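Quick look at what Swiss-Prot annotates:
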type     : residues                             : note
DOMAIN   : 8-260                                : domain 'Pyruvate carboxyltransferase'
BINDING  : Arg16, Asp17, Ser170, His199, Tyr290 : substrate binding site
SITE     : Arg16                                : site 'Transition state stabilizer'
BINDING  : Asp17, His199, His201                : Mn(2+) binding site
ACT_SITE : His20                                : active site, proton acceptor
Amino acid sequence: MTVQGKKITVHDMTLRDGMHPKRHLMTLEQMKNIATGLDEAGVPLIEVTHGDGLGGSSVNYGFPAHSDEEYLGAVIPLMKQAKISALLLPGIGTVEHLHMAKDLGVHTIRVATHCTEADVSEQHITAARKLDMDTVGFLMMAHMASPEKLITQAKLMEGYGANCIYVTDSAGYMLPGDVKLRLEAVRAALRPETELGFHGHHNLAMGVANSVAAVEAGANRIDAAAAGLGAGAGNTPMEVFIAVCDRMGIETGVDVFKIQDVAEDRVVPIMDHIIRVDRDSLTLGYAGVYSSFLLFAKRAEKKYGVSARDILVEMGRRKMVGGQEDMIEDTAITMARERAGCAAA
C-alpha cells in the first residue's frame, strides 16, 4: 500500500502503558504536565488510566498514587484539542467503570482481551456503543494467534459493535513481516468502515518498523509513547515514529519538534529507570512474554534469587498471558526450590 499522503491517528500511551514502569505512581502534576505537552504537540488521542486499565488498582496489579477518577478528572478539563481514551480489561474493569469514564468526558474506550478470548468483551463493547463512545476492540498478545484466528476474533468484536479493532503486540515479539501478515488479513476481513489499529512494544527494537509495517498493511491508528515510556523496553517511541512518518509523507498532525521536547523535557525526567532494551526486556521480546511482566520478574529475582531472565524464559515456555501475574512469583518459587534441591543433591 502507498503511504504517501495517508492520514493516521496517533494514540498516546505515555499516561497508561507508561504507568507500568512508574509502578502506577505517577503524580497528578506529572500527568497534567505531560498531557498538556502532548495536547500542544498535536497528539489527537491520549490514554489515561492505571496501567492495567480502569479498575486496575489491586494487590495483583499494583496500587496507584491516585484513582482513575482523579487522573481523568485532572487531565480532561485541560485538553484543548486532544480527546482522552481509557483502557478496560473485562474481569478487571466493569460496566460501572465504563459509565464513570463516560461521565468524566472520556471519548474512546478500548476493551482489551487476550487474542483468543474476544467473546468476553461483548458486554463491555455493547455498553460502550450504547453510550455512543468511540469503541475499540483490543486483541492482546496477537503473536500467539494465526491470522485466521485473529480474523475470527476481530469479527466477533466488530459484531458486538466495535468501530475499530487493534492487533496488539503486547510482547514486542513480532517482526515487520509478522505484523503485515496479520494486519493485512484482518483488514481484508473487516468492513471497510471499521478502523484498524496497531499497538507495539520495543523489546526487539522493532516498535517503529512494526508500526510503519502496520500503516502499510492498512492500519490507520497507531499507538506510541513519548520517550517510549511503557512496559518492557517501552512502547513505540512516539518522537521517532513521528519523524519517520514525516520523512515518509504519512500525515499525523503531530509537530515533529514539539513531541521531541515533550519526550526530552517532560517524560525522561520522571523515569524511575531509563527505558531501554536491556537483557530482561530483550528476553520479553525474544520469548514472547507479556511486557508488563518485567517489573514483577525483577521483584521476584530480588526475593528468590532466580534471575529475571530465567523467570521470563520459563513464563514464555509456559505460554503465560496477561492476567497471570501471580504465576510469576509461583514460577520463581518453584525454580528456586528446584535449584536448591539440585544443590543439596
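Glycine is no exception: its Cβ is also placed from the backbone N, Cα and C atoms.
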Handout entry: Rounded Cα separation (Å) that holds between the residue listed as 'active site, proton acceptor' and Tyr290 (substrate binding site)
Key = 12
Practice task
Could you please provide the mean pLDDT value for the domain 'Pyruvate carboxyltransferase' (8-260)?
Solution key: 97
Handout entry: Largest inter-residue Cα distance among Arg16, Asp17, Ser170, His199, Tyr290 [record-listed substrate binders, Å]
Key = 16
Problem - Spatial separation of His201 (Mn(2+) binding site) from Arg16 (substrate binding site) - C-alpha basis, Å - result: 14
Exercise for the section: Could you find out if DSSP has Asp17 (substrate binding site) as helix, strand or coil? Expected result: helix
Exercise for the section: Work out how many Å separate Asp17 (substrate binding site) and His201 (Mn(2+) binding site) at their Cα atoms, rounded off. Expected result: 10
Handout entry: Structural state of His201 (Mn(2+) binding site), classified by DSSP into three states
Key = strand
Fill in the blank from the handout: All chains considered, the count of other Cβ atoms within 10 Å of the Cβ of the residue listed as 'active site, proton acceptor' is 26
Completion exercise
Taking the centre of the Cβ atoms of Arg16, Asp17, Ser170, His199, Tyr290 as the substrate site, the remaining residues of that chain with Cβ inside 8 Å are Met13, His20, Met140, Thr168, His201, Asp223, Gly230, Ala231, Asn235, Ser291, Ser292
Fill in the blank from the handout: Expressed in Å to no decimal places, the gap between the Cα atoms of Ser170 (substrate binding site) and His201 (Mn(2+) binding site) is 6
Fill in the blank from the handout: Around the recorded Mn(2+) site (Asp17, His199, His201), other residues with Cβ within 8 Å of the Cβ centre, ordered by sequence, are Met13, Thr168, Asp169, Ser170, Gly172, Gly200, Asp223, Ala225, Gly230, Ala231, Asn235, Thr236, Ser291
Exercise for the section: Fill in the CA-CA distance, Tyr290 (substrate binding site) to His201 (Mn(2+) binding site), as an integer in Å. Expected result: 10
Fill in the blank from the handout: The number of other Cβ atoms within 10 Å of the Cβ of His201 (Mn(2+) binding site), counted over all protein chains shown, is 33
